[in-house]
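Working notes for the structure below.
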Amino acid sequence: MPKYGSMNESAPFIKNGVPATITKKVLIEKCKPGKEGRGKALKQVFASFLANLGTINTGMAFGFSAVALPQLQNPNSTLFISEDQASWIASLSSAGTPIGCILSGYLMDLIGRRLTLILTEIPLILGWILISTSVNIPMMYIGRLLVGFGSGMVGAPARVYTCEVSQPHLRGMLGALASVGVSTGVLIVYVIGSITSWNILAGVCASVPMMSLLSMLFLPETPNFLLQQGRRERAESSLAKLRGSTCNLQEEIDKMIAFKEKNHVEPLKSAREVIKALCSPSALKPFTILAIYFFVYQWCGINSITSYSVHIFKATGNEAHKNALTIALGVVRVAFTIVGCIMCRRYGRRPLTFVSAAGCGITMLILGVYLYFLEGWKQNNVTPSYTWIPVGCIYLFMVFCTVGYLIIPWVMIGEVYPTQVRGIIGGMTTCVAHMSVFSVVKTYPLLAKLIGQYGIFSLYGAMSLFGILYFYFFLPETKGKNLQDIEDYFSGRTKTLNKKNSIQTAA
């Protein structure tokens, strides 16, 4: 590790608009340039992996209804439910999520990213245990609300923690780990739910937040948050644990401090200061972009397919293999989420978003057309033909959706917002995202009755194709950009993200 000579400490940060004079340390030996001067990737990957364990629960919450509802609607079920109750069980987890999002956003900026992640696991544990032991519908409802509340709490902290502990060259890939966690959770419940009962499945799901809670006890707080709180020594200690001996730690700390000083990053002490920061262009512009992004992506139909996959495969004429097809769909989702993580690092945010928008739109429209003919065949007692078409459409839809929609907006939550309100507005963004989830999942049975299966999937396809225009004009490319570049762009100090700024900072 490089050695340093004697130096003066940096002067205090900017306060009340008075600039500080910064005396930087003089390096006797500089780090090796290029890749050799970076921190150890394994340490950053390990910390990000543990921070995202809790996101597996989000996928479990989404996928649980797909395998549990057919069991609960069986006349022989010990807890029989009606179709209306089934729609509430499917959607209530998303109803509890927005509250958790807002709370975790506030807690992140108050007590830190790490401690917030620890607290998120408590409602998840209680919720899954309550579902597992349900003997009546209210217990199931409350359990689903708690699981949704906990899933909402874990979303933003996991992504913000990951983006703040990883360096820019790893940030896109590691920021997508949350999407891998969600897809893994869906697959787990699909597999276990196909061989066991819904209450045993819920009991197994409770083990995941328990493991996540224990693992977070061994991780440090993010250096960005510690510097924001004025705890430089702890920030340096945290950075040393996250980077190892291959990185110039002092240089990275100095970059973080320069970023803090330029953007007047100080803890916000009053509601007025918080509101002012939230209404600033650097916060409001990216929030608007991501809020609309999430609405478009949710209304492409992904969570309707995730939550009702068994019913959908049955409706498309593949009843005999509906469980096997559902499990295979979960495998495809996990595999292409991993592929998407790798592609995100190489190709950026905009290209993958366009791939998802076009692919999801076309496959949903084809599915809608097939279901239109399928309905006619059933009315005339004609044996359906080409039953592989709807299955192929759903699988291709999952591939296209996973590589872009399921990754890009979640990654951007951790990188486009100002440090001062990253927690609060990150929570607000995940809140908007899950409100969109609730609206889609809850209205699916109703829309299916009003406009038919073919109508609802055609609607999803049209929404996704509409998104292409929006993304072309409004979605910025943040791949490889540091936090200073991004904040300068949204605050209006620079007109483009293509030009590199002189100040670099860790993610």
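Glycine residues also receive a Cβ, built from the backbone N, Cα and C atoms like all the rest.
What TrEMBL annotates here:
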{"type": "DOMAIN", "residues": "47-479", "note": "domain 'Major facilitator superfamily (MFS) profile'"}
{"type": "TRANSMEM", "residues": "45-68", "note": "transmembrane segment"}
{"type": "TRANSMEM", "residues": "88-108", "note": "transmembrane segment"}
{"type": "TRANSMEM", "residues": "115-135", "note": "transmembrane segment"}
{"type": "TRANSMEM", "residues": "141-161", "note": "transmembrane segment"}
{"type": "TRANSMEM", "residues": "173-192", "note": "transmembrane segment"}
{"type": "TRANSMEM", "residues": "198-219", "note": "transmembrane segment"}
{"type": "TRANSMEM", "residues": "290-313", "note": "transmembrane segment"}
{"type": "TRANSMEM", "residues": "325-344", "note": "transmembrane segment"}
{"type": "TRANSMEM", "residues": "351-373", "note": "transmembrane segment"}
{"type": "TRANSMEM", "residues": "385-411", "note": "transmembrane segment"}
{"type": "TRANSMEM", "residues": "423-441", "note": "transmembrane segment"}
{"type": "TRANSMEM", "residues": "453-475", "note": "transmembrane segment"}
Residue numbers, six or more beyond the limits of the transmembrane segment (423-441), whose CB comes under 8 Å of its CB atoms:
62, 87, 90-91, 94-95, 97-99, 101-110, 113, 116, 148, 151-152, 155-157, 159-160, 274, 278, 283, 287, 290-291, 294-295, 298-299, 301, 303-304, 307, 409, 413-414, 417
Let me check one thing: do the transmembrane segment (198-219) and the transmembrane segment (325-344) come into contact, meaning three or more Cβ pairs under 8 Å with sequence separation of at least 6?
no
Averaged pLDDT, computed only over the residues in the domain 'Major facilitator superfamily (MFS) profile' (47-479):
85
Which residues of the same chain, at least 6 past either end of the transmembrane segment (290-313), have a Cβ under 8 Å from a Cβ in it?
62-63, 65-67, 69-70, 90-91, 94, 186, 190, 319, 321-323, 325-326, 329, 353, 356-357, 360-361, 364, 391, 394, 397-398, 401, 405-406, 408-409, 412-413, 416, 429, 432-433, 436-437, 439-441, 444, 456-457, 459-461, 463-464, 466-467, 470-471, 474-475
Taking the transmembrane segment (325-344) as the reference, which of 88-108, 115-135, 173-192, 385-411, 453-475 gives the largest number of Cβ pairs under 8 angstroms?
173-192
Considering only the recorded stretches 45-68, 115-135, 351-373, 453-475, state which has the highest number of Cβ pairs under 8 Å to the transmembrane segment (173-192).
45-68
